[in-house]
Structures are given as structure tokens and as C-alpha cells.
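Okay, structure first, notes after.
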Amino acid sequence: MVLFSSIMKNLFLVLFLTSSSLRNVLSIPTLVAYPNGEPVCEDKDIDDLIFTLQATGAVPVTYSFSDTSGDFTSYVTLDATTGALTLKRKFDAEIKGYFGSITFYATDSSGTTPPQSGSVLIKDANDNKPFIENQPLTPETYENPWNNEILLNIEGSDADSGAAGAVVWLIEGSNRFSINNTQSPNTFIVQNDMLDYEESPVVTFALNLSDAGKGDCGPNVTFSTQTTVVVTVLDGPDEAPFFTGSPYDVSVEENAPRGQSVTNVTAQDRDYGLNWKMDYSIIDDVENMFKIDKESGEITVAGDLDRESSTQGIIRFKVKAEEVVPTEWQSKYGYLDIFPLTDEAEVTVTIKDINDNSPTFYELADSTDTASKVKKTNFETSIYENTANLVSVPGLPIYIQDADEGSNAELSISISGDFADIFEVEPATARGEVIPTIRVQNSSALDYEAVKSYTIFLTATENATPEKNSATATVTINLEDINDMTPVFEENTMNASVAENSDTGTFVTTVTAVDEDTGVYGEVAYSIISSGNDFKIDPSSGNITVNGDLNRKKAISYFITIEARDGGGRFATASLQVDITDVNDNSPSFQRSSYSETVRENEASFSNPASIYATDDDEQDTKNSEIQFSIIDGDYKDNFTIVTIPATNPTEGEIKLKSPFDFESLDPSLLTCSLGSADIKLTVMAKDQGTPSLNSTIDVTITIENVNDNAPAFNQSSYTASVKEGSTPGTEVVKVFATDGDACNNDITYSISSDLPVEFLSAFSIETINSGSFGLLTVSFIFVSFND
């Protein structure tokens with residue numbers, strides 16, 4: 001049955017093939033599909049299918065075409081078998097948009113079809129960017145308000161056709177300009193905002209030209225081209241001029257002749273691109289003393305200059321600079337009504353002095369107001385005898401003035417007469433005016449019992465002029481009798497010392513002063529006049545005692561000023577320095593509340609120095625602050641030592657090991673196996689070397705880290721056991737025992753290994769019991785005997 005079916009299928013195939021061949025012999029092929037005005041988009045890529053030729057006829061059919069111009073042949077490839085026309089060179093509608101005179105053929109075993117004339121129409125896609133003509137675009141325009149409305153004519157184009165070739169203009173990055181017709185290829189840019197040359201002489205913006213996007217075919221994409229428009233802004237006369245040297249400060253002698261130059265003022269146009277000329281004028285009333293040249297700006301003397309008649313010899317006035325507007329600007333832009341622009345500047349003229357005044361003496365009714373002056377050349381006052389040196393003589397409201405200025409008024413002031421060496425005048429020099437002070441220079445010469453009145457002569461002399469003009473006043477100084485003996489200390493500078501923390505009333509020292517006067521004027525009372533209440537003095541004896549809390553932390557020395565005053569009020573002072581000697585009243589202080597360090601067992605030293613630090617607030621570099629460390633208590637304290645490192649601040653003590661630790665030999669109560677460590681507590685003492693010695697202690701924790709340095713060991717080197725054939729799983733074979741010398745890392749796990757066959761080993765299993773107390777070897781499955 002299978003054989004018969006196969007024979008029938010083969011027979012049917014033979015009959016079918018024979019029938020087809022017979023039909024192809026009877027008819028030639030016919031082209032039923034070929035491009036005849038077929039539109040093709042120019043955006044097709046290389047190897048893209050543009051058309052498939054189809055024909056009726058015997059299989060196989062062979063396709064071909066001819067192209068009299070040869071153009072189409074250069075763009076496409078024809079698959080003769082399938083009839084597929086594919087692209088081998090991209091179309092460009094802008095170069096060639098139509099291919100005609102193409103003849104297509106189809107051939108099979110019976111012959112060739114009649115030739116069929118065809119053509120291909122290339123449709124335009126948006127594949128060209130717009131183009132901006134006449135680049136670069138660099139227009140010029142005046143700044144507002146002199147600029148033109150139309151800034152620039154612009155032209156653009158796009159090689160595409162239809163909507164893809166339509167262009168649109170756009171300005172980006174500036175709102176100062178606009179385009180009058182954005183959709184015209186030829187248009188112009190107009191200015192719609194103010195331009196300022198001084199703000200920026202160059203303005204740039206981006207000009208964008210875009211197409212409308214969609215072509216006759218292809219994707220809807222938009223292309224654009226951008227260029228930068230660089231606008232040069234030309235300067236216009238919108239900025240006022242400015243005086244380059246304003247304000248002007250000049251000088252001229254008061255006797256200067258008319259026409260003498262005083263100074264030149266110069267103004268400059270801020271519109272640097274124009275730089276117009278200036279007209280100069282004086283706009284203040286200066287009493288016809290000065291005039292200015294209209295073109296050059298030179299200021300000259302025009303009248304009589306008298307320094308004393310002007311306010312402190314200074315004249316101030318204003319000058320004006322006005323732009324000279326060129327004729328062409330007036331005729332072209334006169335309607336703007338902004339011309340001319342001006343600027344003003346102040347000129348200060350100092351009238352220089354000549355020496356036409358001599359020094360003059362005055363008495364002041366008010367010693368602080370020179371306006372209360374009255375001319376006077378005789379003065380009288382009084383002082384106490386023995387007035388101290390450098391003390392000013394009171395009651396002499398003398399005022400000296402020279403109305404000139406500068407070097408013409410520089411004065412030397414001096415004292416002359418029989419008693420000139422007893423007094424001095426301050427200052428010895430002055431300029432213009434001075435209120436002099438007469439001071440005692442030789443106090444010892446002021447003795448009422450010897451001379452009761454002194455007359456001196458005070459002279460003021462010009463010291464920088466050829467004329468050396470001068471004036472002299474007579475000064476009479478009368479003496480008044482006083483208590484003229486002052487207490488005298490045995491020493492003006494004294495030293496003493498007392499221990500800190502001394503009780504109130506502790507004696508410190510005694511000071512003594514003597515007054516050679518008699519009676520009440522010779523009686524001396526002592527007092528402490530410096531601030532503070534830490535000490536007190538007996539007014540009669542001069543004994544100084546402690547009156548406060550003396551602590552070197554507060555002060556190591558006290559500086560006391562002691563006054564000795566007699567019954568007449570004369571007094572003297574002396575200085576006493578009291579040094580506070582140190583008492584060992586401070587215990588050493590650790591820098592931390594506790595310390596801790598770590599070391600591994602079997603190691604001979606700490607990985608980092610095990611240091612502790614302490615300070616002592618007693619006087620440094622003394623026994624009271626010298627610290628020594630020691631280990632006074634703790635677990636295994638004899639296994640440690642501590643070294644005090646000298647000359648450190650704070651004082652450093654370094655703990656060291658005498659020998660390595662064996663973790664297994666430590667007291668088990670110190671061990672923390674969960675952490676694998678043991679903590680050893682030490683007590684360290686810091687002790688100063690003062691008398692009596694003071695100390696402090698601190699806890700130090702030394703952590704010993706365990707090292708797994710012992711391997712497990714069986715309690716015997718071998719075990720022998722037997723098991724019956726047929727034993728069930730779980731049957732005990734033998735117990736094995738092992739121990740580990742480590743204190744913490746001592747959990748034991750048992751396992752089986754052997755060189756025996758795996759089927760033998762798999763018959764047994766071993767279980768670790770009680771964290772390794774022993775291993776239990778049992779049967780894994782029903783045991784049968786093994787052959788050798």
C-alpha cells in the first residue's frame with residue numbers, strides 16, 4: 001500500500017511537469033508589471049527595492065532592460081531572476097527628477113516579450129539645508145537716536161522644491177532686532193530697541209533660516225542654517241563731556257600779576273568715536289579775579305589777589321565745558337534738541353602767602369576759644385615752691401599768632417632772662433598760632449626762702465623768613481610757700497615672697513619712708529593704692545600682710561604700689577613685687593578617665609606604644625610638677641613595667657611587657673571566649689615629687705587576644721573495632737576521643753578519610769558529640785560483608 005502511494009505521487013509529478021512544459025511551448029511570456037511613470041522618493045538608500053518586474057510565462061523568466069541615455073542604468077541594478085530593481089546610487093531630484101526611454105524585457109524558454117517602454121519619476125524629499133547669502137553679515141549703525149531703522153538686507157534660498165524649499169527667518173538671542181517679513185527669501189532686518197555705543201560697541205545675534213519641513217515624499221524633517229550677525233555700533237553724541245582732572249586744586253601767590261597762568265582745565269568727550277572740541281567758561285562770580293580761555297581752558301589771574309581778604313586764602317569756583325557741535329550734525333540732527341552737552345568742575349585756588357605779618361601776643365578770656373583773644377604783652381601768675389619738673393605753670397592764658405601761613409608763619413618760641421634755666425616753654429616751635437605752655441624745668445631752684453618772684457621773657461621769632469620778625473612778652477611768676485619735703489622710701493623698688501595658700505594675716509614684709517619735715521608734715525601714713533585686696537598694709541608701721549586667697553593658678557607675682565603721704569598731703573610711691581612661692585597643692589591629673597590597649601598572645605610588645613599622659617598644675621620644672629608613673633595593682637601586674645618618659649608635656653608613661661602572654665595560662669575567669677580575648681585590669685599611679693608628694697591613679701585595661709596556636713590531639717594513636725554483618729544503620733562501631741590545648745578555640749569536629757574504596761567509606765559515618773567531646777562512628781546502611 002505504501003509502495004503504491006509513492007508510485008502514484010511520482011506519476012502525478014511527471015504528468016504535471018509534462019503538462020507545464022507543453023503549455024510554455026505554446027505561449028511567450030508577457031510583462032504584467034514594470035515602471036511606467038512610477039514615482040520614487042529621492043531619499044531611497046543604496047540597495048533599497050524601488051520596483052519588481054513581473055511577467056507571465058514559463059519558469060524561469062529572465063528580466064532585462066535597456067536605457068538609451070544610460071542615466072537610469074547608473075542608478076539601479078536589476079536582478080535578472082527575480083525582476084527586483086534595487087538602488088546602487090542615490091537619486092537626487094534636484095539634479096535629475098525624471099528618467100524616460102527605458103525599455104524592459106522578459107525572456108523564458110519560449111522567447112522574449114515584446115519591449116515595454118517605461119519611465120521613473122523622482123519625487124523631491126526635504127534633503128537640502130537652506131543657504132544664507134552674502135556672508136559674513138557685518139552691518140554698521142549709529143547708536144540711538146541716530147541709527148537707521150533698516151539695519152540689513154538679507155537673502156536666503158533652499159534647493160528643495162515645494163514646501164521643503166520654502167524658508168522662514170528667525171532671530172535668536174536678541175530682542176533688539178526683528179525681521180519685517182519672516183517668510184520672504186529676500187527681506188531686511190529692522191532695529192526695534194535702543195543701541196548704546198558706550199554700553200557695547202559691538203552687538204551680535206544669531207540669524208536662523210529654516211525650511212518648511214515636509215517635502216513631496218520622505219520624513220517630515222526641518223532643516224535650518226544659522227549665522228552670526230555682528231553689528232558695529234557707531235558712536236553718537238549722547239554722552240556728556242567730563243573734566244579729566246576734576247576737581248582742580250591749584251595755588252597762586254597773592255601778589256601774582258594779572259595774566260599769570262593759574263592752571264589749565266581739560267574736558268574730554270565721552271563719545272570717543274566723535275571727540276568733539278570744547279568751549280570753556282567760568283560760571284561762578286569770582287569778583288573778576290580769574291578768567292578762562294574759551295578754547296584752551298587756561299585759567300589766568302584777572303584781578304588783585306589778597307590772601308588775607310579771602311576765606312583762609314582759598315577761592316572756589318566752577319568751570320563749564322560745552323561741546324562744540326559740528327555743522328553737519330546740527331543740520332542733520334538738530335531736531336533732536338539734545339545739543340550741546342556740558343560738564344562742570346570745581347576749581348579750588350589757594351592764595352599763597354607772603355610775609356607781611358609779625359608774631360603777636362594775646363591773652364585769651366576763654367582758654368579754649370581763640371576768638372576771645374585780646375592783645376597783651378605782660379602776664380603774671382603764681383605757683384607753689386618746689387613744683388615738680390614738667391608741671392605746667394597755671395594761670396597763663398597766652399596765645400601767639402602770626403597771620404601769615406606756611407613757612408612765613410613758622411615760629412621759634414623761647415624763654416630768656418636771669419631765670420630762663422628754671423622754666424621751659426612747650427612747644428618750642430609752631431606754625432601760624434599756638435597756645436604755649438610754660439613748665440618747670442628746675443624744680444629744685446623754686447625755693448620760697450631764697451627767691452619769692454621770678455621774671456622771664458617769652459619771645460616768638462619767625463625762623464624761616466629773611467625778616468625774622470619777632471615779639472616778646474614779660475611773664476612774672478610768684479612763689480607760694482608750701483610743705484616742700486616729701487616722704488622718701490628707703491627703696492623705690494622692693495621684692496618679697498610668700499607661700500601660696502598662706503593664711504590671712506600672714507606677714508609678708510615691712511616698707512619704710514622718711515619725711516624730713518617736722519610736726520604733722522613729717523608724719524607718714526602708708527596705703528596700698530594699686531587695685532586688688534589680696535594684701536593690706538598697716539598705715540603706721542608699714543607692715544604688709546596677706547589679706548586674700550593666694551594661688552599660683554591665679555597669679556605667680558603681685559605688683560603693689562605703696563603710697564607714703566605726710567600730714568601736708570605730700571606723698572611718694574614705691575613698687576613692691578610679691579612673688580608667690582609654689583606649694584605642692586595639685587595632684588597629677590590624667591588626660592583621660594581610663595586607658596585600654598590590646599596585645600596578641602605570644603607577642604613580646606604592643607603594636608603601638610601603650611602610652612598614658614598626665615599633667616600637674618603646680619609650678620613647672622619643679623619637683624612639685626615632676627611626675628613618675630608606677631603600676632601599683634592589677635592582674636599579672638608583675639608581667640608589666642611602666643617607663644616615665646622625661647621632658648614631655650604632658651608627661652608620658654609607656655607601659656611595656658616583660659614577657660609574652662600565653663592565653664591558655666591565664667586565669668579562666670578573665671577569659672571571654674565569645675570575643676576570643678581576656679581583659680587584664682591594672683592600676684597605674686602618677687605621683688609628683690613634691691613634699692608632701694601627691695598622686696592620682698587610673699584604671700588601664702590590657703586586652704590579650706587569643707591565637708589558635710594548638711592543634712587537636714587524639715587520646716590514642718589508633719583504634720580497632722569490629723562490626724557484624726547485617727548491622728543496621730546507626731549501629732555504634734567505636735568512640736574516638738581528642739582534645740585541643742587552646743583555651744577558647746577548642747571546639748573539635750570529627751570526619752572520616754581513608755585510602756579505602758569509597759563504597760567502603762560510605763558504609764560508615766561519624767558524628768561530633770558535645771562540641772567535640774568525642775566522635776561516634778556508626779554504620780550508615782545495612783552492613784554486608786565486602787569481598788577483598
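Note: Cβ is positioned from N, Cα and C throughout, glycine not excepted.
Summarising the annotation, TrEMBL assigns signal peptide to 1-27.
According to TrEMBL, the domain 'Cadherin' annotation covers 43-132 (among others).
For 133-243 (among others), the entry in TrEMBL reads domain 'Cadherin'.
What TrEMBL records for 244-361 (among others) is domain 'Cadherin'. Averaged across the domain 'Cadherin' (244-361), pLDDT in this predicted model comes to 85.
What TrEMBL records for 375-489 (among others) is domain 'Cadherin'.
The domain 'Cadherin' annotation in TrEMBL covers 490-590 (among others).
Under the heading domain 'Cadherin', TrEMBL lists 591-714 (among others).
Summarising the annotation, TrEMBL assigns domain 'Cadherin' to 715-780 (among others). Residues of the domain 'Cadherin' (715-780) grouped by DSSP class, helix first, strand second and coil last, total 4 helix, 20 strand, 42 coil.
When DSSP labels each residue, the domain 'Cadherin' (490-590) comes out as 4 helix, 46 strand, 51 coil, counted as helix, strand and coil in that order.
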